[in-house]
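Here the structure comes first, spelled out in structure tokens, and everything after it is commentary.
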Amino acid sequence: MEYRRVKDQESYDVVSQKDIESPGERSLSSTSATSSLSTAGASKGKNSWKLKSIVTLALTLLTSSQAILIVWSKRAGKYEYSVTTANFSVEALKCLLSLIALYRTWNSQGVTEDNRLSTSFDEVSVYPIPAILYMVKNLLQYYIFAYVDAPAYQILKNLNIISTGVLYRIILKKKLSEIQWAAFILLCAGCTTAQLNPSSDHVLQTPIQGWVMAIVMALLSGFAGVYTEAIIKKRPSRNINVQNFWLYIFGMLFNLVAICVQDFDAVMNKGFFHGYSFITVLMILNHALSGIAVSMVMKYADNIVKVYSTSVAMLLTAVVSVFLFGFHLSLAFFLGSTVVSVSVYLHSVGKPQPQK
């Protein structure tokens, strides 16, 4: 009996000690839980910002080297390869990269409703429109150099900045503030000023075909970009690689039709990869990675960010050209760079405030 009383007293002492310590422990536990949630939220926000930054930087770097690779892929002033097969190769490579990314997702997360390839007709039926628009725009990108030189092309390319802003307002019904509209105008002025040099006078002598192609490219680029963003963001939880896969599948189909219509005999007689060089392969790889980067910018940022990325890339191209081609950067370039920097800042701080 005495032994039992001793054991009961020991048990009581242990329980009492736990009761004394438990309020502090519960407080510490609660604080730890709150801290963990705050850390998780901050980590998620940091990761999101990091992803946006990486994708935007990648798009800027890829776009800045795009024009250089297109020019380098020429031989004796012309393309010895078929531009339709090059476009098809770009779409095929993008499709392959999307499948590889999906395969890794399936291995790590399993197949879910949001990352499975199977889809409904309603979902997939919207992809042919941007696919055919991108195909035409990409083909025009090669042919416009028959009518304009590189500086003139860079200046005319700024037309898509305005078309994107207008279509962004019309299609996505998203309001742009007066400051943002002013930023668009400044951006056009800045990019144009930065590209001015003695040869830029040729832009006034550009044949009507060159002007028409530049305007059509601007409209196609703006409409396809905004329309694609609307599709991608319509179902935010949908895996971006699944959305890309279906867009690129239709891109392959339309480019295959273009090959049959335009270069069928040449491909049959000389081969699909006739005239390809190492620079051509680099150009195709660049276009493929650029396309994926654009879609990720649309998914995790917006099409306006894409426009500013490509605009900054134009200035980067000019800087790189100093080392590659010995180009001289005039005062106009530095003035234009300053104006572009100001426009980027105005666009960032001029976003419409949500109504309370």
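Any Cβ shown, glycine's included, is placed from N, Cα and C.
Straight from Swiss-Prot, the features:
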- 1-52: topological domain 'Cytoplasmic' (TOPO_DOM)
- 1-24: compositional bias 'Basic and acidic residues' (COMPBIAS)
- 27-44: compositional bias 'Low complexity' (COMPBIAS)
- 53-73: transmembrane segment (TRANSMEM)
- 74-82: topological domain 'Lumenal' (TOPO_DOM)
- 83-103: transmembrane segment (TRANSMEM)
- 104-125: topological domain 'Cytoplasmic' (TOPO_DOM)
- 126-146: transmembrane segment (TRANSMEM)
- 150-172: transmembrane segment (TRANSMEM)
- 176-196: transmembrane segment (TRANSMEM)
- 197-211: topological domain 'Lumenal' (TOPO_DOM)
- 212-232: transmembrane segment (TRANSMEM)
- 233-239: topological domain 'Cytoplasmic' (TOPO_DOM)
- 240-260: transmembrane segment (TRANSMEM)
- 261-277: topological domain 'Lumenal' (TOPO_DOM)
- 278-298: transmembrane segment (TRANSMEM)
- 299-314: topological domain 'Cytoplasmic' (TOPO_DOM)
- 315-335: transmembrane segment (TRANSMEM)
- 336-356: topological domain 'Lumenal' (TOPO_DOM)
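If you look at the transmembrane segment (83-103) against the transmembrane segment (278-298), you find at least three C-beta pairs under 8 angstroms, all six or more positions apart, and that counts as contact. Against the transmembrane segment (126-146), the recorded stretches 176-196, 212-232, 278-298, 315-335 differ in Cβ pairs under 8 Å, and the greatest number is found for 212-232.
Here the transmembrane segment (212-232) does not lie next to the transmembrane segment (53-73) in space: the count of CB pairs under 8 Å, restricted to residues six or more apart, is fewer than 3. Highest Cβ contact count with the transmembrane segment (53-73) among the listed stretches 176-196, 240-260, 315-335 falls to 315-335 (criterion: pairs under 8 Å). Residue counts of the topological domain 'Cytoplasmic' (233-239) by helix, strand and coil are 2 helix, 0 strand, 5 coil (DSSP-based).
Residues 142, 259, 262-263, 266-267, 272-277, 280 of the same chain lie 6+ residues outside the topological domain 'Lumenal' (74-82) yet bring a C-beta within less than 8 angstroms of a C-beta in it. Secondary structure of the topological domain 'Lumenal' (261-277) per DSSP, as helix, strand and coil residue counts: 9 helix, 0 strand, 8 coil.
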